[in-house]
Amino acid sequence: MEKVRVRFAPSPTGPLHLGGVRTALYDYLFAKHNGGDFILRIEDTDTQRYVPGSEEYIMEALEWIGMVPDESPKHGGPYAPYRQSERRDIYDRYTEQILKTDYAYLAFDTPEELDQIRAEFEARGDVFAYNYETRNRLRNSISLPEEEVKKLLEEKTPYVIRFKMPLDRIINLNDIIRGKFSVNTNTLDDKVLVKNDGMPTYHFANIIDDHEMKITHVIRGEEWLPSMALHVLLYEAMGWDAPEFAHLSLILKPEGKGKLSKRDGDKFGFPVFPLNFTDPATGNTSAGYREEGYLPEAFINMVAMLGWSPADNKEIVSMDEMIKEFDLNKVHKAGARFSAEKAKWFNQQYLQLMSNEAILPEFKKVLAENNVEVSDEKALKIIGLMKERATFVKDIYNDGKFFFHAPESFDEKASKKAWSPETAVLMQELTEAISSLDFKAEIIKESIHHLAEAKGLGMGKVMMPLRLSLVGELKGPDVPDLMEMIGKEETISRINKAIETLK
Ligand code: GLU
């Protein structure tokens, strides 16, 4: 069997959207599952939509996720170059070839002429298509006498090359995900294959490159499903075997209807891009999963589950397991609804699976950003105490500020609940009781227990105001653990501050 080769072929028109990431992932999983190659090809024939920085962004995103291409503009490979703008000589050869067949013709119509015809059709309530019905009335090498075509060429009149869609043929197609369907060629128009500057359009360059690069499976977004018949006919025109096709459904808005867009992300406050992206034209930065604090493993697990799940419906699946289990036949036909809550859930799950030591470097970065310095030993303990409730590493700091700073105020509701006129005396006694202790959580706990017992109080009656004094609210980890962490001096100073403030 020939080696499986799959390409991800983005156009450098901006950052990768979640849908693009998922396409790349399924390309990658399918290739690796079959022991094949994963190729990155940059489809930059449309210079008008080119956004500088996109290619670097795409490469960085793939690397962050851990999907390093076997061949790409950066890594090179046997079919280089992998940027379409650098493959012009290859396309020129095939342009010559297709012109010798009956599948292509020259069209001299100017954009203005076509605009005018389009307007005439619209005025009649019709939609214009350059096709079998209209091509004979337009200015092309099919409708014009040979002499005139020759003259136009001698005069260097600009022209495009169009595909001559065969008349009234039923094209039977098979999509791995969607199954069999057919298209009548009369519903299709004569697409431009080569622009008037000699550069091929997406359709032509795409099939040339897939053929040249020996691509066996084309896995891409469903927006390309309507082009599949044209592509299959282009392979026929060139006398080549077509690859197999699989078109992936959309990723839907959180409410379930319509395609997930950047606007949904802005509206609901979640990123739709893997990494931050600053638009060079406007200077606006869009949020990325990486910068929001997502772990790449959690992010890609979440993306994978938008449209596929392994046989036993397990949700937490590593890249290696995904490679082992991935099956295009199990990819859902229906669109997958995006959930920001689910994305967070995945990160939370992955964070719990990490050891405290593995979290430490990232946690230290967060601490440094907040100008906090603690020993590794202390940081590890804090991670241990806070991890369970954290979704992101930054939560360990944000929800655990009391480890580093005394409370600036005491929550009103909590104070009402935890503090009564007698509490000040009780807390005073507590500071005395703990002042001579060896400050270890176990010993502290015992001492609080003794005090409560001696006063005939439940543990809660002591713990609650104590927690309020140390944290400013009624949350946080086990109080004795916290006391050990911040130390005796700081503990007593916070209790005294609470006594002073709350009376
Ligand atoms: N350049 C196309 C895109 O960005 C690729 C489509 C395909 O994979 O054939 O969507």
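Glycine is no exception: its Cβ is also placed from the backbone N, Cα and C atoms.
What you are looking at is a predicted structure, and each value in this text was computed from that prediction instead of being measured.
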Which listed span TrEMBL calls motif ''KMSKS' region', if the choices are 259-263, 409-413, 474-478:
259-263
Look up motif ''HIGH' region' in TrEMBL and report which of 10-20, 43-53 it refers to.
10-20
Looking only at residues six or more beyond either end of the motif ''KMSKS' region' (259-263), which have a C-beta under 8 A from one in the stretch?
17-19, 250-253, 272-273, 286, 338
In three-state terms from DSSP, label LYS262 (ATP binding site) for me.
helix
How would DSSP class ILE176 (Mg(2+) binding site) in three states?
coil
Quick one: give me the count of other CB atoms within 10 A of the CB of LYS262 (ATP binding site).
16
Quick one: Cα separation, ILE176 (Mg(2+) binding site) versus LYS262 (ATP binding site), in Å?
29
